[in-house]
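Feature annotations, reproduced from TrEMBL:
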- A:Cys417, A:Cys420, A:Cys456, A:Cys459: Zn(2+) 1 binding site (BINDING)
- A:Cys426, A:Cys429, A:Cys444, A:Cys447: Zn(2+) 2 binding site (BINDING)
- A:160-170: compositional bias 'Pro residues' (COMPBIAS)
- A:40-149: domain 'Primosomal protein N' 3' DNA-binding' (DOMAIN)
- A:151-173: region 'Disordered' (REGION)
Amino acid sequence: MSSTDGAGEQLAFIRETVRKAKPRAARGVELADRLPVARVLVDKGVLSLDQFFDYAVPAAMADEARPGVRVRVRFGGRVGASGRREGGALHDGFVVERRETSDYAGPLAPLARVLSSEQVLTPELLRLCRAVADRYAGSLADVLQLAIPPRHAGAEGEPSPRPLPPPSVPEPGGWARYPHGPAFLSSLAAGHAPRAVWTALPGPGWPEEIARAVAATLASGRGALVVLPDGRSVARVDEALTALLGSGRHAVLAADAGPQERYRRWLAVSRGSVQAAIGTRAAMFAPVRRLGLVVVWSDGDSSHSDLNAPYPHVREVALLRAAEEGAGALIGGVATTVEAAQLVRSGWARPLAAERETVRALAPRVRTVTDLDQARDAAAQAARLPSVAWETAREALTRGPVLIQVPRRGYVPSLACGRCRTPARCRACGGPLQAGGADAPLECAWCGTAETDWHCVECGSFKLRAQVVGARRTAEELGRAFPRVPVRTSGRESVLASVPDAPALVISTPGAEPVAEGAGYAAALLLDGWALLGRPDLRAGEEALRRWLTAAALVRPVGEGGAVVVVAEPTARAVQALVRWDPAGHAGVELDEREQLRFPPVSRMASVTGSAAAVADLLGLLRLPEGADVLGPVPVPAVGGKGEETERALIRVAPGQGAALAAALKAGQIARMALRTGDPVRIRIDPVDIG
DNA sequence: AGCACGCCGACT
DNA sequence: GTCGGCGTGCTC
């Protein structure tokens, strides 16, 4: 050991001792005399080192720089030749903690500014965001960006209203239709944290039931959070809550309010001025005080998956919150997801479902037909409807509106063999063929190769058919088939909230079905079911059933003449589950199958996507937990559409090792970034499009 | 990510 | 001898 090293160590030791005794800031700043160190989360996204930095608290900010406030700090500057700190760009950050000392051996830069004295990052919110970041192999800064809306100074200036006293315990209302419903409510009202998977009865009662669960929770002096998949369902629960509790006890956190109004409402929740929050997926992080219940409606809806890194899912965040904050949980909808079924099977939640006979009385009558059963009637043929569907619609139109669900919007369909329905694929690359235009040859949607001589690879037929006919064309054709009936359409571009209780054809894509005022639809036709079921996706059956049940739940009960016709293969499991109206049973069987195949949610999966070299590089770096499987990598169509060769590998671990998998992926990602080798890799926990 | 420090080639 | 290549590592 050289003498220089010894001296260096000694110097470091002395500096350390000085540090612990009293933190020292860059020259010329007078420090706060109590807790002069602020631990700060610097909001610099791709600063992949997901860690806190210590700053000195100037005396002038001693009171304001409380934990949870937004601050501005200099970051990344250099110590120049003069020994003075210079440069360093200003960044936003949050004070996470005030401390007496710092672990950092070096002069601390002072906080540049306290932006606001609002303590937006509460300890519970920080813990939640940390847990979400860990679960999804993401950074805390990314999650905070999803969790805390942008600041609007104007909103902070106004005081939030005084909180109203807790409401009285609500009557069970519609919950009386469920054997354990009243007990669930009274458990909430008594301050407990019951956890339930809810199989909601068909019909319009669910918003009010959610409102009663919220009211029961508020009655216990705690707060509640409800997350719904879209603005229309938020509006319905808002209405039900207002009817039950008046206004002033809940805030609606939906995207349609402007940013300032959104922040104002968020602050009202954060300050404890209102006890309940409802909204779409961003509301999953709402900082409700003393959370007693978290509700997720229709957890199978794909809009519960966040679109921003690290792509948290509302249901998973809700489960984390229930666990961390000791809250009850109500997860469910008209359909049941495999994940929800697993919560029941594992004993984490209890089923909240009605008796069979209640279900049978409230559900419509469901019949299946195959579309080989074509109608004789000329008008029915023009509408491409099987005769049973045609007859059902014709009869029901004398009594009220008829809902017609078509699986995808758009006019130009993809193509399949007219005889056996094998999808028409490009001979060059396997991509889907599409009609190039009026009288133009077929061409590939991926590579553009023209196909002039198509025949089916399975059966040799030369006949093509439109695999999916969109809402608009269906509307035109049905309009001709039922000449004197009004036709309305509801789809992605223009979604109707409701239709009047009068004869009309209502053509809708899944998820956009209007509610029929009054008793509900007289009938629903669910068309092109084979196209929904034929998707090469692990969730095809579950997803088809969820869409059908959601539409069919808007139809009158069988006793009031409600009828549903689904055009699909009658032996398919999802079709039979619809006929029996047994979503929980279907989810249970799907879960058995996933168990055997070790597919999610019976395992935890992650996908790793990028160039072949980058994926191989990351896979080589990973220190995966014991027993992890790596599936692939295999080529996948490039995301950007350009020719870059993209590959994807799936990594699968046992359910208990999800945290270890996420940690390994994050470590690997950070290592690659530090080495700066090659191009980026996208990591996704719980990838959606597997299978 | 920026941005500075550092250790090797062509120019005055 | 010096200017500058961008490879590597740190940022409180």
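Each residue, glycine too, has its Cβ placed from N, Cα and C.
Curation plays no part in TrEMBL annotations; they are all automatic predictions.
The model shown is predicted, which means the values in this text are computed figures rather than measured ones.
Mapped onto DSSP helix, strand and coil, the domain 'Primosomal protein N' 3' DNA-binding' (A:40-149) counts 24 helix, 35 strand, 51 coil. Distance from the CA of A:Cys426 (Zn(2+) 2 binding site) to the CA of A:Cys456 (Zn(2+) 1 binding site) is 11 Å.
Here the compositional bias 'Pro residues' (A:160-170) is broken down by DSSP into helix, strand and coil counts: 0 helix, 0 strand, 11 coil. Note: the Cα of A:Cys459 (Zn(2+) 1 binding site) and the Cα of A:Cys426 (Zn(2+) 2 binding site) are spaced 16 Å from each other. Around the Cβ of A:Cys459 (Zn(2+) 1 binding site), 13 further Cβ atoms fall within 10 Å across all displayed protein chains. Counting in whole angstrom, A:Cys426 (Zn(2+) 2 binding site) lies 13 from A:Cys417 (Zn(2+) 1 binding site) by their C-alpha atoms. On the 0 to 100 pLDDT scale, the model's mean across the domain 'Primosomal protein N' 3' DNA-binding' (A:40-149) is 87. The 10 Å shell around the Cβ of A:Cys426 (Zn(2+) 2 binding site) contains 21 further Cβ atoms across the protein chains shown.
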